Amino acid sequence: MSLLQFQQVGYWYKNKSQPLFQDINISFQKGKFYTIVGTSGTGKTTFLSLAGGLDAPKEGNILYDGKAVSKIGLTNFRNQYVSIVFQAYNLLPYMTALQNVTTAMEITGSKEKNKESYALDMLQKVGINEKQARQKVLTLSGGQQQRVSITRAFCCDTDLIVADEPTGNLDEDTSKEIVRLFQDLAHKEDKCVIMVTHDEQIAKVSDINIRLSRGSFTVKENVAVV
């Protein structure tokens with residue numbers, strides 16, 4: 001069964017006669033790494049906002065594990081069922097980087113016994129050392145904050161992870177490591193990962209690439225993922 005399903009989803013900003021999306025039907029499964037690409041104005045971030053419960057469709061339904069997200073409630077859905085990595089970071093500025101991660105783990109019911117140790121290990125994997133992990137996030141650079149946001153998503157006990165350009169502020173080596181971690185989440189942890197990216201190289205190593213154009217989309221399954 002699909003983890004997330006769009007059923008005849010339509011969305012528009014001001015006028016129904018000029019929809020951004022119309023009659024979108026697509027399913028997302030656990031164990032898969034999806035990328036979404038498209039030119040500016042095709043609705044990539046809006047699509048991801050719908051998938052992550054940050055916005056609701058104007059028409060149609062979005063189902064999570066067979067249940068309508070509208071019935072679950074957007075706030076409850078975001079808090080309990082999805083981990084979100086957006087460019088705005090959405091971190092708690094007066095908490096430390098470590099506290100941001102462990103608090104999210106508590107909220108989503110992580111079963112890790114030593115949450116602090118696990119979070120520190122994951123932060124180090126994305127280039128945040130222990131000293132930085134114990135600093136308030138408002139003292140960290142934009143790129144460092146992005147790494148904390150990514151780590152928070154990695155550590156939360158949710159089956160769905162949505163990410164908007166998560167490697168945008170990172171150097172090439174760190175970007176490759178982040179993509180590898182997203183792949184591992186999908187393939188080794190059986191998560192559903194949906195990532196918006198402008199990087200065609202990342203799109204090539206995803207399992208399924210969704211290319212948006214105005215009002216429509218195409219889906220390509222990548223046979224060999226390196």
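Glycine is no exception: its Cβ is also placed from the backbone N, Cα and C atoms.
According to Swiss-Prot, the ATP binding site annotation covers GLY38, THR39, SER40, GLY41, THR42, GLY43, LYS44, THR45. Residues or ranges marked as domain 'ABC transporter' in Swiss-Prot (evidence: sequence analysis): 4-226.
Features per Swiss-Prot, on structure.
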| residue | record | Cβ contacts under 8 Å, 6 or more apart |
| --- | --- | --- |
| GLY38 | ATP binding site | LYS44, ARG211, LEU212, SER213 |
| THR39 | ATP binding site | SER213 |
| SER40 | ATP binding site | none |
| GLY41 | ATP binding site | ARG214 |
| THR42 | ATP binding site | LEU212, SER213, ARG214 |
| GLY43 | ATP binding site | TYR11, LEU20, PHE21, LEU212 |
| THR45 | ATP binding site | ASP164, VAL196 |
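Take the mean position of the Cβ atoms of GLY38, THR39, SER40, GLY41, THR42, GLY43, LYS44, THR45, the recorded ATP site; other residues of that chain with a Cβ within 8 Å of it are LEU212. For LYS44 (ATP binding site), other Cβ atoms within 10 Å of its Cβ number 21. For the recorded site, THR45 (ATP binding site), the DSSP three-state label reads helix. As a whole-number mean, the pLDDT of the domain 'ABC transporter' (4-226) in this prediction is 90.
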